[in-house]
Amino acid sequence: MYKWLDERLDLSGFYQKVLRKAFPVHHSFFLGEITLFAFIVLVLTGVFLTLNYEPSTRPVTLADGRTVPAAYASILYIDSLPFGAVIRSLHHWSAHVMIAAAFLHLLRILLTGAYKKPRELNYLVGLALLGLAVVTAFTGYALPYDNYAVTATRIGYGIAASIPWVGGALAEVMFGGEFPGSDRAIPRLYSLHVLWLPLLLALLIGLHLAIMVKQKHTQPRYAERVAPGKILGVPMYPQQLVMMGILFALYVGIMAVLAGAFLAHPVEAFGPPTPETPAVKPDWYFLWLFGLLQIIPATWQFQLFGAVIGPEFIGGVLIPGILAVVAILLPFVDTRKDKMRYLELPSEHPVRTSAILALLVFFLMATLAGYKIDFQQQGSILGNNAVLWTLVLGGPLLTFFLSYALMRVFYGKAEEKEPGAA
Ligand code: HEM
C-alpha cells in the first residue's frame, strides 16, 4: 500500500524533505503549538455545539411555561445533554487559552526579535491571526442570548457603529442591523462565528506553518555555541510529532478536567434578555478596552468632515488602531541586514525589552480602569478619573525608564553585540 502510494505521491521525498527536517527545541516554542491545540479543540467542540444550537431568536415555550428565545432554549438543551455542559465549557475555556497563548507567543516573538528578516511576512500573518481570534471570540459572545451575552455584545456593537463613515456598514455586516433588536443579528453572528472566521483562521494557520517550515525556525542561542552553522534539534518525524502528540493529549486532559470543575456560567444565571442591563464586564482580553471607555470623558466629542468622533471611537478603535499600526510597522523599523538564525536575547536589547514591559503595564493599568465603578462603590481613590489616567499613562513611562536603567546597570553594553549572523 505504502509502495503504491509512494510511486504516485513521492511520499519518501516528502518524508526526507519535510518530515526529517530538524526542529529546534525550546520550551517557549510550545506557545505557538498550544495556540494550535486550542484552535483544534475549539473546532471539535464547536462541531458538537452546532449540532444542537439553534441560531434564532424566535420565541419558544419551555416545559415550565416560560417563553424564551430559541437560541437561549438551545443552550439549556445543550447543558442538559450528557457531558453537554462540560463540552460547552471546554469550548468556552479553550477560547480563553487560544487568545492567551497567542498573546504570549507574540510576546516571545517580540522579546526575541523573531519578527526580523526573513520572518516579517510570517509575523504579519501572526498579527492577523491574533486579530481574527479575538474577533471570532467576540462573535461567539452573543450566541447564548442570555442577558449577559446581549449586554456585552451591545458594547461591541456601539464600538463598531461609532467608526466614522464606515461604522454603519460594518455594524450591518456583523450584526445584520441594530443590536439588540434585529432578528438577523444572531444568524449573522452565527455564520461568522462557525463558518467564515474559523475558515479564514484555518487557512491562515496553514499559511503560517508552511512559511515557518520553509524559512526554518529560529534557534536558541546555545545552538550557536554547540553546533555553529547547523540546525540543532530533533527531526519533525517522529520525535517532534510525538512531543506534540503528548502535549496535545496533556492539553485536552487538563482542559477537560478544568472545564468539568469550572463550568461556563449557566444561561439561567442572567436569564433571557430584558430591557434592564446587568452590570457586566467583558472577558479579560477586552477589559483594557472597556477600561479606556470608562475613563474617556463623554466631553471628548467633535465633528470631522460631517462625522462624529466620540469616546467610543477614541477608546474602542483609535487607541487599539494606533497600537496595531505600530505592531505592523515594527519589522520594517527594527531591522537587520543578515537573515536571522539565532534568537536575540531580551537582555541585549534594553530599549525593545523596556518598551514591551511598558506596553504590558499599559494593558494592566487600562484593565484596572475597567473596575472604575467598583472602586467608586468602595470609596477607593482608584475610582477617581485623574488617578486612573495617571496610572494608565504614568505607569508605562515609569516602567520604561526604570527597566531601561536597571538593564543598563545589570547588562551593561551587551546591546552592542550583534549575535547570530547567518
Ligand atoms: C492563531 C494563532 C497562531 C498560531 C496557531 C501560531 C502557531 C505557530 C507555531 C506552531 C509556530 C512554531 C513554534 C513557535 O515558535 O512557537 C509559530 C511560529 C511563529 N509565529 Fe505563530 N502562531 C499564531 C500567532 C502568531 C502571532 C500573533 C505572531 C506574531 C505577530 C506569530 C508569529 C510567528 C513567527 C514570527 C514565528 C516563527 C518564529 C521563529 O522562527 O522563531 N504567530 N507559530
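Every residue number used here counts from 1 along the chain in the order it is shown.
Cβ atoms are placed via backbone N, Cα and C, with glycine included.
Caution: TrEMBL annotation is automatic and unverified by curators.
Record features (TrEMBL):
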- 1-221: domain 'Cytochrome b/b6 N-terminal region profile' (DOMAIN)
- 29-49: transmembrane segment (TRANSMEM)
- 93-111: transmembrane segment (TRANSMEM)
- 123-143: transmembrane segment (TRANSMEM)
- 155-177: transmembrane segment (TRANSMEM)
- 189-211: transmembrane segment (TRANSMEM)
- 241-264: transmembrane segment (TRANSMEM)
- 285-307: transmembrane segment (TRANSMEM)
- 313-333: transmembrane segment (TRANSMEM)
- 354-371: transmembrane segment (TRANSMEM)
- 386-407: transmembrane segment (TRANSMEM)
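Within the chain carrying the transmembrane segment (386-407), a Cβ under 8 angstroms from the stretch's Cβ atoms is held by residues 291-292, 294-295, 347, 350-351, 353-355, 357-359, 361-362, 364-366, 368-369, 372, all 6 or more beyond its ends. Among the recorded stretches 29-49, 93-111, 189-211, 241-264, 313-333, the one sharing the largest number of Cβ pairs closer than 8 Å with the transmembrane segment (285-307) is 313-333. Annotation: stretch 241-264 has the most Cβ pairs under 8 Å to the transmembrane segment (29-49), among 155-177, 189-211, 241-264.
For the domain 'Cytochrome b/b6 N-terminal region profile' (1-221), the predicted model reports an average pLDDT of 95.
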